[in-house]
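Some features that Swiss-Prot has for this protein:
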TRANSMEM  2-24  transmembrane segment
TRANSMEM  39-61  transmembrane segment
TRANSMEM  78-100  transmembrane segment
TRANSMEM  115-137  transmembrane segment
TRANSMEM  150-172  transmembrane segment
TRANSMEM  319-341  transmembrane segment
ACT_SITE  His322  active site
TRANSMEM  354-373  transmembrane segment
TRANSMEM  402-424  transmembrane segment
REGION    435-456  region 'Disordered'
TRANSMEM  493-515  transmembrane segment
Amino acid sequence: MVFSSNVFLFMFLPIFLGLYYLSGQRYRNLLLLIASYIFYAWWRVDFLALFIGVTVWNYWIGLKVGAAGVRTKPAQRWLLLGVIVDLCILGYFKYANFGVDSINAAMTSMGLEPFILTHVLLPIGISFYVFESISYIIDVYRGDTPATRNLIDFAAFVAIFPHLIAGPVLRFRDLADQFNNRTHTLDKFSEGATRFMQGFIKKVFIADTLAIVADHCFALQNPTTGDAWLGALAYTAQLYFDFSGYSDMAIGLGLMMGFRFMENFKQPYISQSITEFWRRWHISLSTWLRDYLYITLGGNRGGKVATYRNLFLTMLLGGLWHGANVTYIIWGAWHGMWLAIEKAVGINTKPYSFNVIRWALTFLLVVIGWVIFRSENLHVAGRMYGAMFSFGDWQLSELNRASLTGLQVATLVVAYATLAFFGLRDFYQNREKDSGKSARADGPATEQPGTIKAVPGDAPGSLHLPGYTVGSEAQVQPAYWVADWPRYAMRALILLLFVASILKLSAQSFSPFLYFQF
């Protein structure tokens with residue numbers, strides 16, 4: 001089941017929310033767990049057994065690690081056992097086909113008989129729920145969270161359906177208190193519903209429209225330079241609006257149930273370095289890789305060379321996490337290389353001013369990386385890169401011109417205009433906040449009457465108007481209700497676009513989120 005489907009919008013979600021708010025507080029986690037299992041089993045019932053098995057295994061390992069004591073040798077042995085089993089499960093389902101195909105290719109080239117292996121189907125969401133389980137037992141070992149004895153709460157954490165399929169990658173230590181003490185208010189529900197609608201619009205209106213353009217360009221056998229760059233830019237925008245749209249929907253659903261998940265995107269395409277990009281893109285994964293892989297490898301301990309090596313290996317393995325394809329490994333190596341170079345050069349990763357040249361170079365590096373990330377194989381990537389950097393015919397091919405519609409062109413323009421507007425706004429807002437902190441450190445700051453300011457805790461990834469965050473309350477000084485009209489107007493616009501998106505969804509074929517494949 002996916003969020004952008006009629007069965008979820010008009011059957012599953014209304015029934016679940018009705019039962020959720022009619023039930024007592026003590027039964028809500030159990031209801032959430034049951035609903036999440038139904039949500040997952042809607043795809044395939046048989047893989048639900050694997051999902052439950054991984055959950056129970058890590059719950060038991062967590063108890064063993066916790067009983068052995070923080071960072072003790074016995075706890076380390078239990079942790080190692082848990083992580084090895086988790087990685088073996090993930091490795092088999094995600095990489096068995098790739099491994100056997102690679103071995104068979106080598107054996108065939110030597111004239112040997114290849115292995116016979118039935119194709120292994122990848123369970124949806126396995127990369128996310130295995131990583132979340134691993135982070136839990138590591139946190140118990142480190143003493144960052146106690147081992148929970150409540151199986152229902154732990155199982156609900158792993159299975160909670162808003163983030164189950166494609167993240168954000170959550171951590172038990174951040175949600176443990178919310179499972180027992182979360183608040184449910186009309187304002188919070190309204191904020192969540194608005195955030196959900198934002199994500200739905202991103203997915204259906206923008207990402208799905210751009211997907212047609214990207215798919216067509218990447219499928220061309222002889223793309224022109226114009227075709228290749230159009231495809232690269234279309235996919236760059238498609239991936240952001242698709243994945244950040246899913247994250248918005250997940251965060252919104254969480255708010256509707258009283259949970260507050262971490263933000264997953266902070267205007268990544270405004271970044272002026274690859275290091276800054278990874279502070280803004282898929283934040284839940286990048287921080288997971290930092291805390292559980294980079295630090296485990298040694299982090300910045302051991303000198304400069306070891307630091308560069310650990311950065312590179314972390315991103316290399318991060319690329320492999322995305323899938324069993326050499327293209328993902330190269331993509332990870334590409335980002336790892338630039339992270340190491342920026343670290344070695346000592347580039348300023350938190351610039352105070354917006355440097356167009358630095359931004360353009362960073363964006364170019366990101367787009368180049370997305371091309372191989374999107375390509376089915378090295379042949380497709382080579383074909384696209386060859387066309388992009390031949391700087392030959394910038395005209396679109398006849399096939400492309402024949403298929404490209406005015407709506408698709410307009411959507412691409414709107415997508416990048418939106419990225420530019422909110423990205424620059426986010427940059428200068430953050431700079432003003434930093435300046436404000438410096439001013440408060442030097443002396444008392446004064447406010448002019450009638451100042452409109454955002455409430456602390458604004459969601460950085462959400463749509464903003466000056467002084468407002470869609471889905472959040474705003475403080476107005478003085479509190480004239482007239483000053484709130486932009487927020488209500490924006491909510492009305494989002495509702496209108498949401499209804500239009502539902503109508504568009506009904507008219508198009510099924511389009512899953514891109515990160516479902518990972």
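Glycine is no exception: its Cβ is also placed from the backbone N, Cα and C atoms.
Keep in mind that this is a model prediction, so the values were computed, not measured.
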Quiz prompt | Outside the transmembrane segment (115-137), six or more residues from its ends: residues with CB under 8 Å to it | solution = 40, 43-44, 47, 50-51, 54-55, 57-58, 61-62, 65, 79, 82-83, 86-87, 89-90, 92-94, 96-97, 100, 103-104, 107, 145, 154, 157-159, 163-167, 169-173, 288, 291-292, 321, 516-518
Quiz item: Apart from its near flanks, which chain residues at least 6 from the ends of the transmembrane segment (319-341) lie with a Cβ under 8 angstroms of it?
Solution: 94-95, 97-99, 127, 131, 274-275, 278, 285, 308-309, 311-313, 365, 368-369, 372-373, 375-378, 381, 517-518
Practice problem: Provide the number of Cβ atoms within 10 Å of the Cβ of His322 (active site), excluding the reference atom itself. | Solution: 19
Self-check item: Residue numbers, six or more beyond the limits of the transmembrane segment (78-100), whose CB comes under 8 Å of its CB atoms
Solution: 50, 54, 57-58, 61-62, 64-65, 68, 115, 117, 119-123, 126-127, 130, 133-134, 137-138, 141, 323-325
Self-check item: Structural state of the residue listed as 'active site', classified by DSSP into three states
Solution: helix
